[in-house]
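Q: Straight out of TrEMBL:
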REGION    1-30  region 'Disordered'
COMPBIAS  21-30  compositional bias 'Basic and acidic residues'
ACT_SITE  E141  active site, proton donor
ACT_SITE  D295  active site
DISULFID  C358-C390  disulfide bond
ACT_SITE  E404  active site, proton donor
ACT_SITE  E429  active site
BINDING   T515  Ca(2+) binding site
Amino acid sequence: RQQVQGGESRARPASAAPPARDTRAPFRFDYERFRRSLRHPVRGGRPGEDPETRARRMKIKEMMKFAWDNYKQYALGKNELRPLTKNGHIGNMFGGLRGATVIDALDTLYIMELEEEFQEAKKWVEKSFDLNVNGEASLFEVNIRYIGGLLAAYYLTGEEVFKSKALELGEKLLPAFNTPTGIPRSLFSPGSGMSWSWGWASAGSSILAEFGTLHLEFLHLSELSGNPVFAEKAMTPPCLSSPLSQVMNIRRVLSRVEKPQGLYPNFLSPVTGSWGHSPLRSCPRHHVSIGGLGDSFYEYLIKSWLMSDKKDSEAKKMYDDALEAIEKHLVKKSAGGLTYIAEWRGGILDHKMGHLACFSGGMIALGAQHAAQDRRQRHMELAAEITSTCHESYARSDTKLGPEAFRFDAGSEAMATRLSERYYILRPEVVESYMYLWRLTHDPKYRHWGWEVVKALEKHCRVEAGFSGIRDVYTTTPTHDNMQQSFFLAETLKYLYLLFCEDDVLSLEDWVFNTEAHPLPINHTDFRA
């Protein structure tokens with residue numbers, strides 16, 4: 001989610017690790033038993049829905065088909081579509097891997113019942129998805145987009161090609177964990193097994209939102225393969241033995257390191273296991289953010305607990321403690337009555353919220369359903385207030401789309417005050433919170449707000465050959481950035497579609513969404529044959 005941008009990425013390479021020893025036990029994942037365990041049909045029953053809701057859902061389905069058809073025509077096999085110039089974009093986040101939009105779109109196409117398009121995507125994975133590549137890849141991005149997308153496609157369909165590709169790719173991520181602490185470096189080469197830290201990260205630090213956003217996918221890699229090594233890298237579940245006990249896994253490191261004011265800074269050394277500092281020269285202090293660099297770490301704590309069928313008590317306690325510190329130190333109310341989550345730099349508050357932080361309304365609402373009685377109402381109110389603030393960031397722009405960041409200082413509220421923060425790149429976080437708040441409250445305003453986003457996307461982002469981000473949300477004639485992000489198909493359109501579905505479509509009783517909106521099943525039982 002955090003979409004790190006800017007700066008040179010290369011730093012000291014780590015030694016390449018020998019291939020991981022295959023410790024898989026002879027077992028088979030029983031897919032049919034898994035499907036029978038689901039409490040609701042994957043695509044739901046949709047009894048008695050009103051015509052307007054169905055029409056709006058069908059409009060979002062049409063938008064998805066339009067986005068996919070243009071990607072297929074002009075950029076199939078590339079990572080993203082450039083809709084203005086009608087060509088493909090590869091980028092430098094995936095280390096030679098291709099087809100990010102294909103993998104990201106698989107489960108959305110399936111859920112929307114775009115059968116022909118889903119088969120086109122599946123055929124590309126079978127015939128053209130090459131994992132034997134060299135380059136410098138983001139561990140975080142490959143995990144949430146590729147592994148998350150492949151795992152979700154397998155659980156939804158039972159097609160073995162998705163499982164085998166996910167497991168093969170998962171093996172290629174393991175050398176990044178070859179550090180003294182077991183905290184992975186941010187970058188790795190799928191071909192050579194080398195790993196690096198971001199060059200701009202303080203003293204070779206790893207980033208909280210990157211190494212803290214692995215639990216969901218890695219647990220399912222162990223579940224499907226029988227190889228505990230994946231789960232052990234992220235945590236040590238009580239049901240697994242630990243042949244790699246010499247590796248200090250991520251949770252163990254985080255439990256030992258002192259948290260300033262109970263907060264988690266965004267930078268941690270994979271060598272020493274101690275916090276790094278913000279790399280900004282003007283502010284050499286710990287940086288804490290619920291937006292970029294920190295965001296999905298918190299999301300994965302509460303979702304790890306839910307995915308474990310509420311057995312992972314360690315994750316739940318870490319989430320509860322972190323949210324308590326966030327409430328105490330970061331949650332603020334503006335002069336105009338808007339609730340927001342500020343950023344913290346060594347005790348000094350920066351009164352801004354990034355678009356990325358707007359996922360937190362949905363996260364807090366989801367966690368509130370399982371909070372202690374004295375916290376539940378307070379957290380639901382907090383979730384609704386944050387989501388309302390993020391809606392205001394959209395409503396106060398000329399395009400009715402939100403900026404990359406908005407501030408609460410110098411007399412401005414919920415608006416970008418810097419030219420560099422006025423852009424919108426088809427991000428999903430605001431509609432993600434609308435979807436969760438709708439499902440948990442059924443307040444019709446969330447569907448109303450979601451439909452406003454649909455209309456704004458159609459008016460300002462739809463171009464001849466796809467959808468494009470815009471450079472300034474505060475002008476009625478914005479210029480386009482010529483990029484149809486893969487997460488637009490994976491997240492933005494999926495969350496909008498689910499907002500206008502009945503609650504049993506990808507029911508929250510059966511599924512959790514990874515931070516790229518790929519649905520992964522809750523482990524209600526053991527599915528090993």
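Using N, Cα and C of the backbone, Cβ positions are placed for all residues, glycine too.
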Q: Write down the Cα-Cα distance for D295 (active site) and E429 (active site), rounded and given in Å.
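A: If we compare the Cα positions of E429 (active site) and D295 (active site), the gap is 11 Å.
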Q: Counting every protein chain present, what is the number of Cβ atoms, excluding its own, within 10 Å of the Cβ of E141 (active site, proton donor)?
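A: Neighbour count, Cβ to Cβ under the 10 Å cut-off: 25.
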Q: Just give me the nearest neighbour of E141 (active site, proton donor) among the recorded positions C358, C390, E404, T515, Cα to Cα.
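A: Of the recorded positions C358, C390, E404, T515, T515 has its Cα closest to that of E141 (active site, proton donor).
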Q: Counting distance between Cα atoms, which of the recorded positions D295, C358, C390, E404 is nearest T515 (Ca(2+) binding site)?
A: D295
Q: Are there any residues in the same chain, six or more apart in sequence, whose C-beta is under 8 angstroms from the C-beta of C358 (disulfide bond), and if so which?
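A: The list for C358 (disulfide bond) reads I386, T387, C390, S393, G402, E429, V430, E432, S433, given in order along the sequence.
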Q: Whole-number Å distance between the CA of E404 (active site, proton donor) and the CA of D295 (active site)?
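A: Counting only the Cα atoms, the answer is 14 Å.
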Q: Going by a 10 angstroms cut-off between Cβ atoms, which of the active-site residues E404, E429 has the sparsest surroundings?
A: E404
